[in-house]
Amino acid sequence: MLKILLPTLMLIPLTWLSKNKWLWINTTTYSLLISITSLPMLYHPMDLGYNFNNSFSLDSLSSPLLVLSCWLLPLMIMASQNHLNKESLMRKKLYLTMMVILQSSLIIAFTSSELMMFYILFETTLIPTLIIITRWGNQNERLNAGIYFLFYTLVGSLPLLVALLTMNKNLGTLHILMNSILINQLNYTLSNSTLWYACMTAFMIKMPLYGLHLWLPKAHVEAPIAGSMVLAAILLKLGGYGIMRISLFTEPMTMHLLYPFIILSMWGMIMTSSICMRQTDLKSLIAYSSVSHMALVIIAALIQSTTSFMGATILMVAHGLTSSMLFCLANTNYERIHSRTMILARGLQLILPLMTTWWLTASLANLALPPTINLLGELMIITASFSWSNFSILLLGLNTVITALYSLYMLTTSQRGKFTHHMTSLYPSFTREHMLMTLHIMPLILLSLNPKYILGMTYCKYSLMKTLDCESKH
């Protein structure tokens, strides 16, 4: 773990010692080397040894999210170059420092083997994200968005702290490996139900669950490009990761208490997808799309079947890359027409045809078209939901149709149509932007060729049992 964490921390002195001419080259190259170094950490399901120690652990759930975090850091730096062009050198370095601190917090959060350390790092990610939104956002409303983000996250996390302290008092430890041995099945009592709700509240707000999602569109719309990318791609996944980790320790409470959350998720999935059809702001549409996709992850994580856990892990990785790519494309539009309103960008296909190709690719990935990994994740979740309840296929099928509608609506409104006369002197697309889109779409397609590396905990356990069974027969 330290071979990823220490080089990431060393990005801070590299940033402050680099001259203006070499700042972007040094940080982008070095962070890309770190992301390539992290790729072997994709957990191989047939590897029987878990990487556990007192402080850090790596398993088949945390490794895909860890690699995703490392992969997106150089992409965030590449996407921010034009945005920070007019800033002073000191502010550029401060911006990069905030991103590195956020990245380091995420690495420790995804690999911490103790739940209290995970909680502390879960909260630590709030600080650099808040600074990025409130200092480098575009409009004055960024302060209001920062307040929403701060209070939703803090108020939701307080019950989780109380629940963890209670578990520590009862068990004497919060270590993930020890808890899986020590915890007996909980009785269905009022106190245990309260404990379960306290654990889940913070993660439901972070996902976010429909009804607790008001902070997300505000934060996305007002954040700069790197803030939007890390929010959509990584920070929302902390919620799904937390649900899947904690729910294993609170059995069988999840089985009794999941119904209101699944019903609300299914209803919210339809509502937020429908809201996307009425949006005029491009970043707001992508933000509501994230709420809709994360509702699927909540459903899969709470059902807790083998297929649903696999689907949730895949969809978290796939959505991280897809939504990040969509925000990058929205940023390329904003840098040229200086507006997030979709109708003002119509006709861009005539000027930037290659960018329109990237828009088409990202929209098709968003609606889970093969050969992207999104399709496998959504199919697994729909299959698991149908096995859990036949009625769910109606809502999930309707959501799939609406997702296709708003994805095509986003594409046609922002790229096709009659050319607007206010766009007179637009500069062309850059190689940097095309490289950025390639590094987003390439993992989505390549992972579909061999998805076992991101199938998560349940596939790993299934492979382990199959291997041991074969060995016992021989």
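Keep in mind that glycine also has a Cβ here, set from the backbone N, Cα and C atoms.
According to Swiss-Prot:
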type	residues	note
TRANSMEM	22-42	transmembrane segment
TRANSMEM	60-80	transmembrane segment
TRANSMEM	93-113	transmembrane segment
TRANSMEM	114-134	transmembrane segment
TRANSMEM	145-165	transmembrane segment
TRANSMEM	195-215	transmembrane segment
TRANSMEM	257-277	transmembrane segment
TRANSMEM	284-303	transmembrane segment
TRANSMEM	308-330	transmembrane segment
TRANSMEM	350-370	transmembrane segment
TRANSMEM	391-411	transmembrane segment
TRANSMEM	435-455	transmembrane segment
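The stretch with the most CB contacts under 8 Å to the transmembrane segment (391-411), chosen from 195-215, 257-277, 284-303, is 257-277. With a cut-off of 8 Å on Cβ pairs spaced 6 or more residues apart, the transmembrane segment (195-215) and the transmembrane segment (284-303) reach 3 or more such pairs and are scored as touching. Within its own chain, the transmembrane segment (114-134) has Cβ neighbours under 8 Å at 55, 95, 98-99, 101-102, 105-106, 108, 142-143, 145-146, 149-150, 153-154, 157, 160-161, 164, 167-168, 174-176, 179, 202, 219, 222-224, 226-227, 230-231, 235, 238, 242, 245-246, counting only residues six or more beyond its boundaries. 435-455 is the stretch from 93-113, 145-165, 257-277, 435-455 with the greatest number of Cβ pairs below 8 Å to the transmembrane segment (308-330).
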